[in-house]
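Here's the structure, in structure tokens; my notes come after.
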Amino acid sequence: MAPRSDSQTLATGSDENESSIDPIFHILRIIPFSFLRPPRLRLKLPSFTLPSPMTVFSLILLTYFLVVSGFVYDVIVEPPGIGSTQDPITGSVRPVVFMSGRVNGQYIIEGLSSGFMFVLGGIGIIMLDLALDKNRAKSVKASYATAGVSSIVIAYVMSMLFIRIKIPGYLR
Amino acid sequence: MGGKSEPAKSESMATKPDLLNTSFFSFKSLKLKTKQQELLLRISILGLVYILAFIARLFSVLRYESMIHEFDPYFNYRTTLFLTEKGFYEFWNWFDSESWYPLGRIIGGTLYPGLMVTAALIYWTLRFLRFFVHIREVCVLTAPFFASNTTLVAYFFGKELWDTGAGLVAAVLIAICPGYISRSVAGSYDNEAVAIFALLLTFYLFVKAVNTGSLAWALASAFGYFYMVSAWGGYVFIINLVPLYVLVLLITGRYSMRLYIAYNCMYILGMLLAMQIRFVGFQHVQSGEHMGAMGVFLLMQVFYFLDWVKYQLNDTKLFQTFLRITVTSAILVGGVAVGVGTASGYISPWTGRFYSLLDPTYAKDHIPIIASVSEHQPTAWSSFMFDYHILLFLFPAGLYFCFKRLTDATIFIVMYGLTSLYFAGVMVRLILVATPAVCLISAIAVSATIKNLTSLLRTKQKVSQTGSTKGAGSSKASSKVTLDQSQPFQKNGAIALLVGVFYLLSRYAIHCTWVTAEAYSSPSIVLAARGAHGNRIIFDDYREAYYWLRQNTATDAKIMSWWDYGYQITAMGNRTVIVDNNTWNNTHIATVGRAMSSYEDEAYDIMRSLDVNYVLVVFGGVTGYSSDDINKFLWMVRIGGGVFPVIKEPDYLVNGEFRVDKGASPKMLNCLMYKLCYYRFGELTTEYGKPPGYDRARGVEIGNKDIKLEHLEEAYTTSNWIVRIYRVKPPTNRL
């Protein structure tokens with residue numbers, strides 16, 4: 001149990017006039033407030049309640065998405081949002097989505113889309129677990145299960161596709 | 001096992017004399033109880049995982065030979081050799097005059113001895129058992145051995161966090177995870193090999209201490225922390241994560257006596273033990289990075305004091321007032337102490353290495369040496385995918401399960417996972433620190449999902465059992481019928497999903513094996529390439545050059561090279577170097593950088609002032625090797641220019657671009673590095689159909705082919721032109 005006091009309204013302060021052992025309170029009672037009259041306010045100190053675990057979890061999921069998309073890489077190295085290459089014959093500029101040539105390099109959009117796939121896979125597994133919760137209607141459970149399985153399948157297939165495009169020699 | 005079923009055996013022999021039981025040894029005695037079956041299964045899985053973790057790391061030993069990889073491990077190997085030859089006291093008080101030439105280096109006081117002492121202990125144990133192995137073999141295989149031990153610790157940690165199933169999955173995942181294999185492959189004799197084991201062990205012991213509140217476990221965690229401090233500079237992560245965890249527990253209202261005992265014991269004893277390492281010294285009370293732990297320690301005392309006062313006073317109002325006074329005064333006193341300490345300089349601020357983790361843009365602007373190391377670059381998504389594969393999906397799911405069942409232990413692993421993953425995003429090298437957390441959390445996800453699916457498979461049997469034994473009432477019969485209609489569908493669905501889970505895990509295993517074999521098993525000192533017919537060609541130029549130095553130069557010769565190669569030159573060439581990988585003196589490195597980027601005359605003056613006899617450069621133009629000194633040249637300019645403003649980076653660039661062909665800047669075409677790398681290169685034809693002097697690493701024909709050296713002469717060039725050594729000529733006689 002955290003021995004931290006929560007709010008105390010100013011109104012109850014006056015009750016402690018005689019019995020308070022707080023030296024600062026007594027000093028303040030004498031020095032400004034013997035001739036100044038504090039106004040009557042209806043203020044409450046903001047109370048501090050802890051958020052629920054699931055709220056914290058959703059914030060964490062957002063942070064995970066940013067980190068895994070290579071957000072820090074984007075901020076420091078400042079790559080372009082999408083790369084471009086010039087066709088040597090026609091001279092037209094074609095966009096290049098995946099930075100090729102090295103493992104530790106990316107463009108911003110490819111990072112964000114891959115991060116989204118990872119989070120989608122994670123959410124798929126979470127939905128599978130929600131589908132097995134006993135206290136729901138059967139149709140809701142079935143839809144959760146199908147959504148979960150399809151999310152995992154899509155996320156895995158897309159991630160494998162991305163990594164195959166990025167690293168040409170993957171698994172060969 | 002045999003004893004318990006003996007009466008059954010004698011009974012069965014007496015009652016049923018058939019073929020099976022006529023032999024002395026009845027098959028009934030072999031049938032184990034379920035608990036024993038489970039124990040046997042667990043132990044065999046752990047044994048197999050132990051062996052797997054070891055042999056997965058042996059690719060480079062099988063492909064090349066048993067040698068030390070990379071750069072830093074050569075220093076560790078040299079110090080371990082010294083330790084085994086001269087003994088511990090000589091090692092602890094060693095002053096090395098063979099590196100950082102005029103300055104020397106206090107090795108005893110500037111290294112983390114854990115790795116060397118561990119390898120030396122293993123070596124002495126083996127010699128005691130009369131296995132006379134060479135110390136190099138012990139050094140090469142230390143990392144896989146400790147990786148196997150890490151899997152065991154991961155099993156116990158998983159058991160503590162969730163259950164034995166999660167522990168087993170965690171052990172398997174961490175045994176083959178590429179994020180860990182990359183720094184613990186056989187031959188990678190670096191601090192991280194032992195440090196990750198120490199890290200996980202310390203965390204496991206601390207979580208066990210918080211869960212049980214036992215003083216013994218807290219003591220053990222303090223000793224685990226001591227091992228970690230002796231092994232790696234990354235111990236700062238532990239001394240900041242644990243107080244942060246304690247703070248989170250206090251905020252979420254989970255203060256308890258167990259936490260108090262665990263943290264106090266670990267902090268005080270751990271701090272005292274850490275001061276035994278000379279390199280760490282008094283940092284635990286003086287350095288800004290360690291102040292968080294002290295602050296939380298004092299906060300715990302305040303909590304305990306308030307709890308005691310609350311217990312003594314029976315008056316809640318009085319206690320509330322007292323609480324407000326105490327909290328205010330504690331915060332005031334703490335703030336004043338921190339302010340006085342920082343202002344007077346007693347508490348040193350955060351060092352650049354760790355500050356750049358909190359503010360990633362700091363190193364790029366202020367400290368080029370830190371920014372130049374390739375391992376310190378921030379992480380892109382593909383590095384994450386490469387090192388983690390499936391675990392990236394399982395990690396958020398595991399976090400969800402942890403949040404569903406919040407205990408002291410799961411809060412710890414969530415915090416460890418999140419903080420380490422953030423730091424892994426800032427620096428590629430720190431993916432290693434995040435790997436155990438990611439594996440543990442993913443193991444929780446896998447274990448919970450498989451448990452859900454298998455419980456689906458089991459419900460049908462349970463329902464039918466109760467139906468048959470209890471005798472169905474009418475309501476039960478109808479419910480059994482409706483359940484029966486969905487049961488086969490659910491059961492098939494669960495089986496399909498289980499097959500899917502096993503498919504994903506098998507893909508993970510395939511990925512890990514491929515990554516280990518292709519990407520993380522190269523010894524860096526020996527290069528390999530595919531020839532024209534697909535055969536493998538080995539370039540052993542580095543060792544060729546170092547052995548040439550060892551055998552053909554005077555014993556007191558001084559070698560100047562870029563700091564990357566310093567450790568290897570001292571370990572294999574056995575010669576004095578000017579700068580090496582320790583990079584503790586930026587001005588000295590900048591002097592070398594200035595010499596490499598100046599014209600030959602100015603460079604000659606600098607080399608004479610440093611007593612340099614030989615200069616070593618690495619050149620990849622003939623083989624197409626891209627990590628050579630010309631590609632690193634801009635860093636030499638930046639570091640040199642950071643200390644000596646006479647070196648300006650724009651002088652070497654043309655329109656902001658770094659070129660070595662005809663259009664390169666004149667300063668670039670005449671600087672010492674250019675001359676040394678391309679001397680006589682203009683006469684060489686490197687590729688069919690290209691003019692002579694075609695640089696295969698840059699893909700251009702070089703600009704200045706007619707190079708004349710005035711103060712240096714070529715001493716040795718290796719067979720593939722990768723390492724080139726030049727002798728510095730003594731000054732000409734004055735007439």
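Placed from the backbone N, Cα and C atoms, the Cβ positions cover glycine too.
Residues or ranges marked as domain 'Oligosaccharyl transferase STT3 N-terminal' by TrEMBL: B:45-441.
If you look up TrEMBL, you'll see B:559-616 marked as domain 'STT3/PglB/AglB core'.
Residues annotated as transmembrane segment in TrEMBL: B:39-59 (among others).
If you look up TrEMBL, you'll see B:106-126 (among others) marked as transmembrane segment.
Under the heading transmembrane segment, TrEMBL lists B:138-158 (among others).
Listed as Cβ neighbours of the transmembrane segment (B:164-181) (distance under 8 Å, sequence separation of 6 or more from its ends, same chain) are residues 42, 45-46, 49, 52-53, 56-57, 147-148, 150-152, 154-158, 196, 386-389, 391, 431-432, 434-436, 438-440, 442-444, 446-448, 450-451, 508-509, 511-513, 515-516, 519-520. Taken from TrEMBL, the feature transmembrane segment covers B:164-181 (among others).
The transmembrane segment feature in TrEMBL is assigned to B:193-219 (among others).
If you look up TrEMBL, you'll see B:225-248 (among others) marked as transmembrane segment.
The transmembrane segment feature in TrEMBL is assigned to B:260-279 (among others).
Annotated transmembrane segment per TrEMBL: B:291-309 (among others), in sequence order.
Proximity of distant same-chain residues to the transmembrane segment (B:321-347), defined by a Cβ-Cβ separation under 8 Å and at least 6 residues beyond the stretch ends, is recorded for 286-288, 291, 295, 298-299, 302, 305-306, 309, 313. Feature annotation from TrEMBL assigns transmembrane segment to B:321-347 (among others).
Per TrEMBL, the feature transmembrane segment maps to B:384-402 (among others). Within the chain, the transmembrane segment (B:384-402) has long-range Cβ neighbours (under 8 A, six or more residues past its boundaries) at 173, 177-179, 182, 410-411, 413-414, 417, 421, 424, 431, 435, 438-446, 448-449, 504-505, 507-508, 511-512, 515, 519.
For B:409-425 (among others), the entry in TrEMBL reads transmembrane segment.
At the 8 Å Cβ cutoff, the transmembrane segment (B:193-219) and the transmembrane segment (B:39-59) share fewer than 3 close pairs (sequence separation 6 or more) and do not count as touching. Among the listed stretches B:106-126, B:225-248, B:260-279, the one sharing the most Cβ pairs under 8 Å with the transmembrane segment (B:291-309) is B:225-248.
The DSSP breakdown of the domain 'STT3/PglB/AglB core' (B:559-616), given as helix, strand and coil counts, is 33 helix, 8 strand, 17 coil. By the Cβ criterion (under 8 Å, sequence separation of 6 or more), the transmembrane segment (B:225-248) is not in contact with the transmembrane segment (B:138-158), since fewer than 3 such pairs are found. Between the transmembrane segment (B:260-279) and the stretches B:39-59, B:106-126, B:138-158, it is B:106-126 that has the most C-beta pairs under 8 angstroms. Sequence-remote contacts of a segment are chain residues at least 6 beyond its ends whose Cβ falls under 8 Å from one of its Cβ atoms, and for the transmembrane segment (B:39-59) they are 32, 143-145, 147-148, 150-152, 155, 164, 168, 171-172, 174-176, 181, 184-186, 512-513, 516-517, 521.
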